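Quick notes on the structure that follows.
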Amino acid sequence: MLVTHIFLLTLSLSVPTLGQYEHWLYYPEYQASQAPEPLPTPARNVPQIHVRLAGEKRKHNEGRVEVYYEGEWGTVCDDDFSMYAAHIVCRELGYQDAVSWSPSSKYGKGEGRIWLDNVNCNGREKSIASCGSNGWGVTDCKHSEDVGVQCSDRRIPGFKVSNELPGQLEGLNIQVEEVRIRAILSAYRKRVPVTEGFVEVKVQGSWRQVCNAEWSSKNSRVVCGMFGFPAEKKFNNKVYKLFSSRRKHTYWQFSANCTGNEAHLSSCKVGGVLTPDPKTNQTCSDGSPAVVSCTPGRAFAPSPGTGFGKAFRQEQPLVRLRGGANTGEGRVEVLKNGEWGTICDDKWNLVTASVVCRELGFGSAKEALAGAQMGQGMGHIHMSEIQCNGFEKSLIDCKFNVHSQGCNHEEDAAVRCNVPAMGFENQVRLSGGRHPTEGRVEVLMERNGTLRWGTVCSDTWGTMEAMIVCRQLGLGFASHAFQETWYWQGDINADDVVMSGVKCSGTEMSLAHCRHDGANINCPRGGGRFAAGVSCVETAPDLVLNAALVEQTTYLEDRPMFMLQCAHEEQCLSSSADRTSPTTGYRRLLRFSSQIHNNGQADFRPKTGRHSWIWHDCHRHYHSMEVFTHYDLLSLNGTKVAEGHKASFCLEDSECETDVQKQYACANFGEQGITVGCWDVYRHDIDCQWVDITDVAPGDYFFQVIINPNQEVAESDYTNNIMKCRCRYDGHRIWMYNCHIGGSYSTETEEKFEHFSGLMNNQLSTR
């Protein structure tokens, strides 16, 4: 059974649909303080009003504050507005409290009257109409000062809506606490996810069916989208009519009227009030409960053996998500001319974001994120000012501006999509930790015909496996993967090892999807103190190499051996250097500069603490990571042909963006790492910043750099840790070309890169 929360609909048949209303920016300076408990206020002449959230939506529970007074909707000025006032607005809409408020029409400018100015609340009022103000319609503000709020997701239990306004809005103040798809037919009751059944809404604590008399396929599309499904499909209505005729139903007294492009049922208009039949007193005497049947995306369709119907099959997508911790979220990237690039967040909203989600096989968008909240991309910004109507099959079918002047990667758009409830979070738990985001990993597995909780063998346990656990639990990224957990007292009834040999690729949605030994448990060290553990965090770093700089700075140097004593000691040279004369010999070095950016949402810190760092006498500083980057020269079949290069590193902030302060430095035993928005530079002329190619024959090669190769430190994206170039060496000169980051090309373009036989420019011709 699927359940989700939606918010108060305050609507009129004569006013515009709420689908066009909403908000976007988040202001930390107006972040939520704890909301005061509402207390009874002295009785006075307080007018009855309605409140709604308007503007371009990036989340359904935020927007420009609009008030319905004396038959007209109007806005509220931001002068003297406070978190107390924001709490009152959200409570009036049925939410427990506010998260933040935003001034200066950040949700867009409203129209018509500005009803309230200089609003002064103490946090205990029942309505914003009870707060102090200049009086109704008394203001010197313009709509550029319209205020907006963001409410929490938590609803007030049993919240009752006032229906005391006369006129057209009478009876249309509907509170829908939750909505669900309740599987009715036996064929769907045990299936995960639930894709077909009655649409039911929870009103004042009771579940009620929705009458199908005014139900449309557009309504079904919205409901399916809320539950993580990209589309609706037809179903056998005769079976449901037969079932309904044998049951007594309690109906919701209203109908919904959706356009089909809403990201949430809360954005639909109320269609009308269902009048009870005078004879039967039933509100849906000529109908039956509304039914939806949804098509799941490919990743969520049950296996063919279950007899499941057809699943939604999207074509090869021209859009992808990167940098998100959970399935269905990430920075939006689009493919153009064989190269992936980002999109600018100008005009980015829920409707447009929902097109992306559905294109990828998810439901509608839960949240449209602006300001690179899923990390910054690299390369081109392919699209900006995108405007969709919500029914496009692909983002590229929407109207957009191909020019991105004024945009930078700090404005990269991202999305969180609604995904089906698969129940994966119920199959794993963390036990014994100091807080809910850490602990010994315990999994629910079938052993000897029964389901039982047990531990995971840590012999093959690493960061990638820990990442899957954190994703499965919805806890973000893994900050650490522990192979010993003796300090965490787990459940004594779950001490036995029930899973071993776990190896994950990083794309799985649950630990059970990773390769493992199944029922053949093989754990030489046993469980107990060697059971696997994790620690999860909300954000992670993302290291990316500047590929263009590598291509621009590459050159060869013949360096005498007597100048390479320190490098020789640190094994930065090929093993043949041991046989080279220290006085007359030399080494041929492929030199280049590297610039490693942290484009993520958290600082990159070494895995080990300062007590484990190694002092390098030649360089006169500590190296915090012995294996931070690999520099490799490969033959065209992928064989390594050169050895001798920099291995251990000291990590620091060499340079930063203008608004970012340096935090890490190698000097004076300082803290090491790379701050978000900073980069660590290794110039071409520093010791060991090379590959020793003395023994390499002339020919065509691949040059490859891999950052964090052992994945010792968790990152939001490992695909961009690899940089690869084509390379031609004629015995005297070297050419580096087509340098690019892993994942920046389409599959087809990458294959052409792998098989391209020569360099096409005025220096060397194609063979």
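For all residues, glycine too, the Cβ spot is worked out from N, Cα and C.
According to Swiss-Prot, the feature signal peptide maps to 1-19. Here Swiss-Prot flags 51-152 as domain 'SRCR 1'. Under the heading disulfide bond, Swiss-Prot lists Cys77-Cys141, Cys121-Cys131, Cys344-Cys407, Cys357-Cys417, Cys388-Cys398, Cys457-Cys523, Cys470-Cys536, Cys504-Cys514, Cys566-Cys618, Cys572-Cys688, Cys650-Cys666, Cys656-Cys678 (among others). Positions annotated as domain 'SRCR 2' by Swiss-Prot, on the basis of sequence analysis: 181-295. Positions annotated as N-linked glycosylation site by Swiss-Prot: Asn281, Asn448, Asn637. Residues or ranges marked as domain 'SRCR 3' by Swiss-Prot on the basis of sequence analysis: 319-418. Marked as domain 'SRCR 4' by Swiss-Prot: 428-537. Annotated Ca(2+) binding site per Swiss-Prot: Asp542, Leu543, Glu715, Asp717, Asn720, Asn721, in sequence order, evidence recorded as similarity to another entry. For His619, His621, His623, the entry in Swiss-Prot reads Cu cation binding site. Residues or ranges marked as 2',4',5'-topaquinone in Swiss-Prot: Tyr682.
Recorded features from Swiss-Prot, shown on the structure.
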| residue | record | Cβ contacts under 8 Å, 6 or more apart |
| --- | --- | --- |
| Cys77 | disulfide bond | Ile114, Leu116, Asp117, Asn118, Val119, Thr139, Cys141, Glu145, Asp146, Val147 |
| Cys407 | disulfide bond | Cys344, Asp346, Ile381, Ser384 |
| Cys417 | disulfide bond | Gly228, Gly328, Glu329, Ala353, Val356, Cys357, Leu360, Phe362, Gly363, Ser364, Ala365, Lys366 |
| Cys470 | disulfide bond | Ala325, Gly476, Phe477, Ala478, Val534, Cys536 |
| Cys514 | disulfide bond | Glu465, Ile468, Val502, Lys503, Cys504, Ser505, Glu508 |
| Leu543 | Ca(2+) binding site | Ile596, His597, Asn598, Asn599, Gly600, Phe604, Ile674, Ile707, Asn708, Glu715, Asn721 |
| Cys656 | disulfide bond | Lys662, Thr675, Gly677, Cys678, Trp679 |
| Asp717 | Ca(2+) binding site | Arg322, Gly323, Gly375, Asp542, Gly743 |
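Here the disulfide-bonded residues are Cys121, Cys536, and the one whose Cβ sees the fewest other Cβ atoms within 10 Å is Cys121. Only Cys566, of the recorded positions Cys131, Cys388, Asn448, Cys457, Cys566, Cys650, have a C-alpha within 10 angstroms of the C-alpha of Cys572 (disulfide bond). The two recorded residues, Cys688 (disulfide bond) and Cys566 (disulfide bond), show a Cα separation of 9 Å. Cys523 (disulfide bond) and Tyr682 (2',4',5'-topaquinone) are 42 Å apart (CA-CA, integer value). Cβ neighbour density within 10 Å is lowest for Cys398 among the disulfide-bonded residues Cys344, Cys388, Cys398, Cys504, Cys688.
Cα of Cys131 (disulfide bond) to Cα of Cys388 (disulfide bond): a distance of 39 Å. Across the residues of the domain 'SRCR 3' (319-418), the predicted structure has a mean pLDDT of 93.
Under the three-state DSSP scheme, Cys77 (disulfide bond) falls in the strand class. Helix, strand and coil counts under DSSP for the domain 'SRCR 2' (181-295) come to 29 helix, 33 strand, 53 coil.
If you measure from the Cα atom of Cys650 (disulfide bond) to that of Cys566 (disulfide bond), you get 16 Å. The two recorded residues Cys566 (disulfide bond) and Asn448 (N-linked glycosylation site) have their Cα atoms spaced 60 Å from each other. Of the recorded residues, Cys121 (disulfide bond) and Cys523 (disulfide bond) place their C-alpha atoms 63 Å from one another. In three-state terms derived from DSSP, Cys121 (disulfide bond) belongs to neither a helical nor a strand segment and is classed as coil.
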